C-alpha cells in the first residue's frame, strides 16, 4: 500500500538558504538547483582573485607611487576598505591626498617612510559578508654610497693568503650581491679555486697570492630589491716577492654561522680557506647524509647548495679544508623551520536548518601555527575548530580560518548558507532501469534534495517493502536486494517526506544470467627470459557484452604500457568468450598471482593462478668488514634471495675510495667462494688505504646485481717499500747542492707522517750526510753550505719513511754542486740612443767559461726605482743588444752583468743614455697628385711638417710606394716636399711621413690608379714590409 502522505494532493514548497563557498573557486547552489533558489541564489560572497603583496619601495624611485592590488569575485560586486596596522584608513575624497582607491586597488602617492610604512590589509564586503586579505608589508629600500675615504694598501707576501674587506654601506633590505673589480670598471675578477667572494660579508679572499694579483680592487655591491649598485674606493694589493714560495697550512676564513631556513627554500653554506698549496674543500653532514639529488657543490667546494629543504635536512654540517701542510675544520648548524601550510581547510558546505555542523582546519608549520577564525572580517573564535548546533540564519556569513606563526600567515575563506526545502527528485531521480544478475545483488539509490532530512520508504508496485534477510533499506535511503531471481523483476518506488513536503521517484529492475568462468588459468613455472601463457574461458548472458581484465597481485595490467612483455588474445561466441595472456621474455618482476576477471555491465567473476619465475640471485645484504690488517680484511655478508635457483658462488669486489676507481674483482682466501659462504678474506691490499667492498652472487641462471658497498675501511699502516725515483739535480746558486726527485705516489705512503730521507756525500768521501724532508709532495731539496766546493761530483740516494719505520734506499745517482757566479764584470764600450724609444749598448765580454748569458738592466734616472728596471737577457755569444720601449727625451742608466745558473756576477759601470725627442706627431698634408705629361710618372707633393717644441727636428721624408693589398713596396727618401714616382698599371698606395733623429712620424696616405705597364724594379731600390697604417 502506498503511504497516505504520497496520495496525489496539493503540495506546499518552502525554501530558505544559506551557503558556504570556497575562496579558491566559485561554488553556487543556484547553479545546481536553480528552481530551489531562484534568482537570488545567483549571489555569493567575495572570493579573492588577487591579494596585496609585500612591497619594498626604493627611496630614490622616480615612480612616486605604490600600488597594492585587491580584487575579488562577488555578486553583487564587493566594496573595499583598507587598514594600516589594523587601523581603518579614511579613504573619502579630500581626506588624505596620499591615498586613493580604484576598483579595490590602493594607490599611495608620494610615499613617505614615516607615514606609509607598515602592514596593509584589504577588506572586501557585500550583502553576504566580508573577507580580509593577507597582510602586505610596505617597506622602504635604500643603498647608501661608499665612504669617499681612501682605502689603505694591502701588502702580502707571495704564497700567503689575503683578505680584502668590503664593508658595505648602510642599506635595506639585507639581501645584497657582491663582486669585485680590478683596476677599472667593468673589469670584474673571475672567481676560481684560488679566489672567492663571500655573499654574506662581501669580502674578497685569495687563498694564495701571486705576483699577477697586483692591482687596485674595488667592491661592487648590488641590491636586487631596489635595482641599485655602488662601488668602493680602490684598494691597492701589493704582492711582496719571495725568493722561494713558502707553504702554509689550510686556514678556513669564510665560515657560515649557524643559520635558519624555511621548508622548501634553497640555502647556500660558505666555506673558504687560505693556504699554499690551494686547499681542497669537502662537505659532509655529521648527523646524517647530504640529501641525494637535492644538493650541489660549486666554486671548487666553497659553496654547498641545499635545494628544497626538508625538516630532515636540519643538523650539523662540516666543511674540511686541507692541503699538504695541514687541515682545518668548521662546523655550522642549520635549523629548518616552516611557514604555515594547510593540512585541512574549511570546505564548501550546505547545511540543513536546525542541523549540526563542524567547521575545521589544520595547519602544519614550525613553530606550530596559531589558528583562529574570522567571521565577516572580525575575530570569531580561537582554535582550529568551530562547532555549530541547531544552525540558524544568524550563523550565515563569510568565514575565514587563519593560521599564523613567525614566518607567515595563511587564510582559508568560505561562505556559509543554511537551507530548508521539501523533497525533490528533479536533479537526482531514482535510476529508471537497473540490471541485476541471477543470484547476485543490486542497490537502488534514493537521494532526493530535501531539508530537513526526509523519511524514506520503498515499495515494489503497490507493495510496501520492509527490511528482511534479502531486503535492506540503508540509512542513506538506498534499497539493497540480495540473491535476486526472476521474481524480483518489476518497478520500485522511493518515497521521501519531511515537514515541508513530499516526493517520490520510480525505477525498474530486470534480471540477467550470471557470468561464470568455465576454464580458469593454470599455474606456470619458467626461467627469466622464457615465455609464459595464461588462458581463461567464461560463459555469460548473451544479451550482455563481456570483457576480460587481467591483473597481477591485485593491480590491473596495462597492456599498452607493458606491450613489450604482455600480449592478449580474445575470442567471442554467443554466450561464451575466452582470453589468453602471453607473457614474453619474463623477468623476476613478472612473478606473482595472475587473476582473470570476466566482467559484464551487470556482474563479474574472477579466477587466479600463480606464475613462478626463476632467475639470477638478488644482491647480498649487510656487507661489512672486520679483522683488518695492513694487507687484508675479512668481508662478511648475508645471503640475498636466490630467486628459486641455488647460489653457486660469490665474487668479492673492491675499489679505492680516494682514487675513485672502477670496481674490480678482489683476490680472496679461499680463491673460490662457495655459494653457502657468508665471509671471505680479501688479500693483497695496500697498507693505509681506504677501500670499499661489495659482493655479487651467481647461480646456474646467471650473475645477479651487486650488493650495496660496505662502509669505507682503511687498512692498517706499514713501513713503506717504494723509494723516490728519477733522482737528479745539480746547478743552483753558488755553494749549494740541489737534489731533485719524483715523489712517491700517495697510495704507496703506507702510513701517516710520510717523508723522505736523503743521503749524499762527495763521490770519494766515505761519510754520508743525512737530511729529512717531511713534505711528501716535495720534489726538490737545496743543501746550502759555504764549504761545498763548486762543480763537485756528489753521490745521492733516497728512501721513504712513515710512522711505522723506514723503507729501502733507492739506487745511487751522481750530480754536481752549483758552480760559482761569474767573478768579473763586463765593460761597456758604447751606449747610445737610436731614436726616441730605442737605444743600443755594446760591451766587452767576460772571458770565463762559466758565463751562460748577460743581463742588461736600464731605467729612467731619478724617475724610476732601480728595482723596477727593465731587463734583457742576452746569450753569452753576443756582446751587444738593442733596448726598446723607452720613453722619449729621457735620461736612462744602463748596466750589464754576466750570469749563470749560480746567479749574477758584479755589475758593469753604469752608463747614461739620453733618448731623442719624439718624432713629429703631425702627418704631412698631401696637397697635390699630378700626372706627368708623358703618362709614365706621377708627382706627389705635400706641405712641410713643422715639429713641436717637444719633438725632434724634421730631417727629411720617407715615401713608401706599394701595390694595394701587398704587404711590401718600394721605399724612397727625400729632403724635398715632393717626389716623382713611376706610374704603374693597377691600384697603388703612397704613404708619406716625416723622418727625424727621434724616428718616423705620423703617416699620410693617398691612393692612385694607373694604366701604364709596370716596369721591373731597379736593384738599387729597397723593399720593406708594411709598417705604416694611418690613413688621412
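Backbone N, Cα and C define each Cβ position, glycine as well.
Note that the structure is a prediction, hence the values are computed from the model and not measured.
For the residues 455, 643, the entry in Swiss-Prot flags N-linked glycosylation site at a single position: 455.
Annotated range for region 'Disordered' in Swiss-Prot, selecting from 847-866, 867-886, 887-906, 907-926: 907-926. Looking at the stretches 606-636, 668-698, 699-729, 730-760, the one that Swiss-Prot records under the feature region 'Disordered' is 699-729. Here residue 271 (disulfide bond) is compared against the recorded positions 70, 119, 166, 401, 950, and the shortest C-alpha distance is to 166. The glycosylation sites in question are 216, 483, and the one with the fewest Cβ neighbours inside 10 Å is 483. All chains included, 24 other C-beta atoms sit within 10 angstroms of the C-beta of residue 361 (disulfide bond). Ranked by CA distance from residue 319 (disulfide bond), the recorded positions 266, 361, 483, 604 have 266 at the top as the closest.
Put simply, 446 is the one of the disulfide-bonded residues 122, 219, 446 whose Cα lies nearest to the Cα of residue 596 (disulfide bond). The Cβ of residue 455 (N-linked glycosylation site) lies under 8 Å from the Cβ of 496, 497, 498, each of which sits 6+ residues away along the same chain. Comparing the Cα of residue 879 (N-linked glycosylation site) with the Cα of every entry in 216, 266, 483, 504, these being the glycosylation sites, the smallest distance points to 216.
Closest in space to residue 950 (N-linked glycosylation site), of the recorded positions given as 119, 122, 401, 504, 604, is 119, taking the CA atom of each residue.
Counting only same-chain residues six or more apart in sequence, the Cβ atoms lying under 8 angstroms from the Cβ of residue 536 (disulfide bond) belong to 517, 519, 520, 521, 548, 578, 579, 580, 581, 596, 598, 607.
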